[in-house]
Amino acid sequence: MFKINLGDFMLIRPRRLRKNQKIRDLVRETILTKNDLIMPIFVDENLKGNEKKEISSMPNQYRFSVEGAIEEAKEIADLGIPAVILFGIPKHKDEIASSAYDKNGVVQRTIRGIKEELGDELLVIADCCLCEYTSHGHCGIVKDGKILNDATLPILAKIALSYADAGVDIVAPSDMMDGRVRAIREILEENGYDDVAIMSYSAKYASSFYGPFREAAESAPKFGDRKSYQMDIGNAREALKEIALDIEEGADLILVKPALPYLDIIRMAKDRFDVPIGGYCVSGEYAMVEAAARNGWLDREKVIYEILLSIKRAGADFIITYWAKEVAEIGLSQE
């Protein structure tokens with residue numbers, strides 16, 4: 001009789017579940033789909049008609065006119081991507097970011113145009129900040145070289161209200177002022193916009209990965225830096241405190257920015273909080289991959305897929321990425 005000696009072979013061989021693509025697909029733990037993605041759109045008030053302008057540090061990414069942004073949103077919706085996030089570049093900048101809450105501002109007109117064309121077929125998120133609209137490029141009111149927290153809150157609230165008046169689905173404060181979520185939630189409730197959600201950039205780090213975005217949005221600070229309000233890159237527990245405060249103040253969704261260097265923060269937040277959590281795959285991450293790919297140093301499509309999958313695997317429920325259209329159009333795979 002044949003006898004099995006358990007010492008002669010391995011009972012557990014993880015490679016059995018890797019031997020071909022079908023079995024790998026069957027047991028894959030994390031799957032990336034277009035429903036996970038949000039596409040950014042830069043809307044430039046200085047552009048007319050269907051004019052668009054390529055962003056030099058972000059190949060294949062553009063600033064659009066209002067009309068062009070509406071057409072771009074229609075293309076995005078047709079691809080099955082569920083949401084866009086809008087960033088505005090105004091004609092006029094001043095010390096108090098007055099163009100940011102103008103009812104006929106560049107973002108407000110774009111929101112109305114998208115909603116008139118698409119209704120609920122596409123979620124419209126609007127970034128809520130001052131930096132693109134201030135003459136000094138900071139995310140708050142400045143006095144004597146200091147960024148004032150409490151003086152900034154009413155302006156952020158006015159911006160959010162103007163977006164809600166235009167028909168936005170979600171407002172996304174990215175300024176990192178203390179108390180901004182409460183200020184926004186209160187003004188929305190007072191004006192009957194209880195169904196407008198807040199996606200707070202709760203853990204937004206003072207990162208070096210934002211450089212290309214600041215060119216795209218013309219939002220670089222004219223003096224100093226943003227380290228007095230954006231988070232220190234070495235801190236993790238502080239991120240959890242920021243997230244907890246924003247949820248307590250009324251945030252419906254929270255965002256970690258950047259995503260790839262802060263996957264640990266996404267994972268910690270996912271384990272701790274019961275709200276949808278997103279990661280922003282930022283301009284520097286995009287530019288880094290595109291530059292390396294142009295030099296033939298890596299397999300572009302596989303790297304994009306791996307980056308986005310890693311963000312989801314870390315715990316992100318949604319991902320803001322400049323590759324959203326491409327992923328939806330052609331699909332990407334690790335194989």
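The chain as shown is numbered from 1 upward.
Every residue, even glycine, has its Cβ placed from backbone N, Cα and C.
Marked as active site, schiff-base intermediate with substrate by Swiss-Prot on the basis of similarity to another entry: K204, K257. The Zn(2+) binding site feature in Swiss-Prot is assigned to C129, C131, C139. If you look up Swiss-Prot, you'll see R214, R226 marked as 5-aminolevulinate 1 binding site, on the strength of similarity to another entry. The annotation Mg(2+) binding site is assigned in Swiss-Prot to E242. According to Swiss-Prot, the 5-aminolevulinate 2 binding site annotation covers S283, Y322, on the basis of similarity to another entry.
By the criterion of other Cβ atoms within 10 Å of the residue's own Cβ, the least surrounded of the recorded positions K204, R226, K257 is R226. Among the binding-site residues C131, E242, S283, Y322, none has a Cα sitting within 10 Å of the Cα of K257 (active site, schiff-base intermediate with substrate).
Reduced to three states, the DSSP call for K204 (active site, schiff-base intermediate with substrate) is strand.
C131 (Zn(2+) binding site) sits 11 Å from R226 (5-aminolevulinate 1 binding site), counting Cα to Cα.
The binding-site residues C129, C131, E242, S283, Y322 differ in how many other CB atoms lie within 10 Å of their CB, and the one with the most is C129. With respect to E242 (Mg(2+) binding site), the closest of these recorded positions in Cα terms is K204, chosen from C129, C139, K204, R226, S283. Separation of the C-alpha atoms of Y322 (5-aminolevulinate 2 binding site) and K204 (active site, schiff-base intermediate with substrate): 18 Å, rounded to the nearest whole number. Using a 10 Å Cα-Cα cut-off around R226 (5-aminolevulinate 1 binding site), the recorded positions C139, K204, S283 reduce to C139.
Of all the Cβ atoms in the protein chains shown, 26 others lie within 10 Å of the Cβ of C139 (Zn(2+) binding site). You'll find the Cα of C139 (Zn(2+) binding site) roughly 12 Å from the Cα of K204 (active site, schiff-base intermediate with substrate).
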